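Asker: Please see the structure below; I have some questions.
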């Protein structure tokens, strides 16, 4: 509920408090994990909530004014869908409340906010799918920070049930609250004896309840005429909590309005479906084995102070539910000591699902119901309602599942459809209720004696079906709050990676896997050239790169074409290390250094690569920095030889035309593809081209063998199958 134009006058009963969190850098949206989440807690008795939103960015030319989307929700993280993808079947999603920021500052006001958890989510526009090389191209950092300003009441009048509370309105509203105990069936608020400046009339606006987002179910009652009954009836108000009531005069700033506020609670009798344990001393007791149910025992519950307990029929049958915590954001609910739930036509059957720990709103609530088909007649239905705060009990008058301040989720079981499923992503932090009742809209007499047994499967899961075969369920964290999201692969999208509108086919997945893996076979060319020219260390490095690049990309594939011989992280690290060291040894080999110095630099460079990749595997300069150093060494040696020999180095024009220029061209094109042309859609063939160009450039750029070194280096074989490798420069013989 946004209220931008309201001006609050000074009131000694009001105090203001401000809450802030550390800012976060925004990202372009690709999945829920790329949005930034902020978690706040609003204190009780708040009358105004003001969000102060600030965005800052740098002054570089790459920083432009972009549209930032900010979502707000009470009780759980917002369920957003910026990409317009589809949700899984049977998923219930409410529209999100959001604003779009085009300036650096904005504010949102909410009157009478609900106390408890509030969440803010912000993100930049959807990403372009281009794969950016980290630190290679300057990017703009957009930093977002929301501050929460709360105005709350320190003096609130408590409205006791059935006790009139006199009020006198002048320039400031009256703030009241009433406690609604558990098992309250109905709440009635009434203004009595209302007079304005001594004359009959009741210019009062009554606001009951707190504002929530994205849906707001506050009740507003406007009393005007003297003969109009000024009362409000609330069926199934939220249980076990305080309910805010605000009375404001509509007669002007200097007109006095006097009245008495009266609240009446109607409590109901609860039938507890308790199963008596079979004790060793009572083995002669028996139970109905066919239904698995024992005789229910009615019990009267504590209805709270001054509330009235009706002597009429029971208003609900309560089934105790066991909560079993399985893992983080993973809970199972089971009816206590029974599998089936008895459903009748005269009284709703109710189960409580406790999702109020503060850590349960980051998953998905899944509800599945099955009914015995033989027990449901053609004209009868089993209607189920899933509500937060209080159960829906008015099945005899309506089937819309609406309580006083919550729109529930309906489920229907019939003879033709004996199974019903419901998925609620990010359920609100609260006690949830599942209420069921048998209804016969066409012939109610058929339901009088009918009984249906319903089986239920109730659980809270981090991700539905673990995001399926084309997704990965990831646990996200903001300070101490944990929530889950699906990261999709192979073109699949959506909340649970079930939207296949842009998905790759199995044939495309296999083609991508073959391209990315088999393209590494071109490293056989530099391996063969290295061995032919007696560059055995270089050949070993290229072999290492070919092996780990092949199996890393075989493991990196989504969907079905996947082969992992080692841990994914290990394969990725070895692939990045091999690529960097391959470029390092190729450039240094072109410098034609002395053997001792060359191998020392080989080892030092490998150690530097190992350290830098451990620090930041995606950083561009972790690879480019050592390669630039090697390039400087190579140029220095070439310039030195040019001056020493007084001719260009390398001296042969054939070397330049047929080897160096093709190799340099291939390396330049490979660098251009790697830094500016790769996207998520073309990755499998652009990266394959990168593999081939990198291997080809290495084969062309490797220096020729020494004139007095024989081809293949180790061509002399002994009868015992050992080989003697001779180095004419150092006159050393080694047995290999």
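Cβ atoms are placed via backbone N, Cα and C, with glycine included.
Since this is a predicted model, take the numbers as computed values, not measurements.
Pasting the feature list from TrEMBL:
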{"type": "DOMAIN", "residues": "459-498", "note": "domain 'EGF-like'"}
{"type": "DISULFID", "residues": "463-473", "note": "disulfide bond"}
{"type": "DISULFID", "residues": "488-497", "note": "disulfide bond"}
{"type": "TRANSMEM", "residues": "511-532", "note": "transmembrane segment"}
{"type": "TRANSMEM", "residues": "596-615", "note": "transmembrane segment"}
{"type": "TRANSMEM", "residues": "621-640", "note": "transmembrane segment"}
{"type": "TRANSMEM", "residues": "656-677", "note": "transmembrane segment"}
{"type": "TRANSMEM", "residues": "683-702", "note": "transmembrane segment"}
Asker: At the level of the C-alpha atoms, what whole-angstrom distance separates residue 488 (disulfide bond) and residue 473 (disulfide bond)?
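Answerer: That comes out at 9 Å between the alpha carbons.
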Asker: Ten-angstrom check, please: count other Cβ atoms within 10 Å of the Cβ of residue 488 (disulfide bond), all chains counted.
Answerer: 24
Asker: As a test of the contact definition, list every same-chain residue at least 6 positions from residue 497 (disulfide bond) whose Cβ is closer than 8 Å to its Cβ.
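Answerer: Within the chain, residue 497 (disulfide bond) has Cβ neighbours under 8 Å at 467, 468, 470, 471, 486, 488, 489.
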Asker: In this predicted model, what is the average pLDDT of the domain 'EGF-like' (459-498)?
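Answerer: Mean pLDDT for the domain 'EGF-like' (459-498): 91.
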Asker: Below 8 Å Cβ to Cβ and six or more residues apart, same chain only. Which residues does that give for residue 473 (disulfide bond)?
Answerer: 462, 463, 466, 467, 484, 485, 486
Asker: Over all shown protein chains, what is the count of other CB atoms within 10 A of the CB belonging to residue 463 (disulfide bond)?
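Answerer: By my count, 24.
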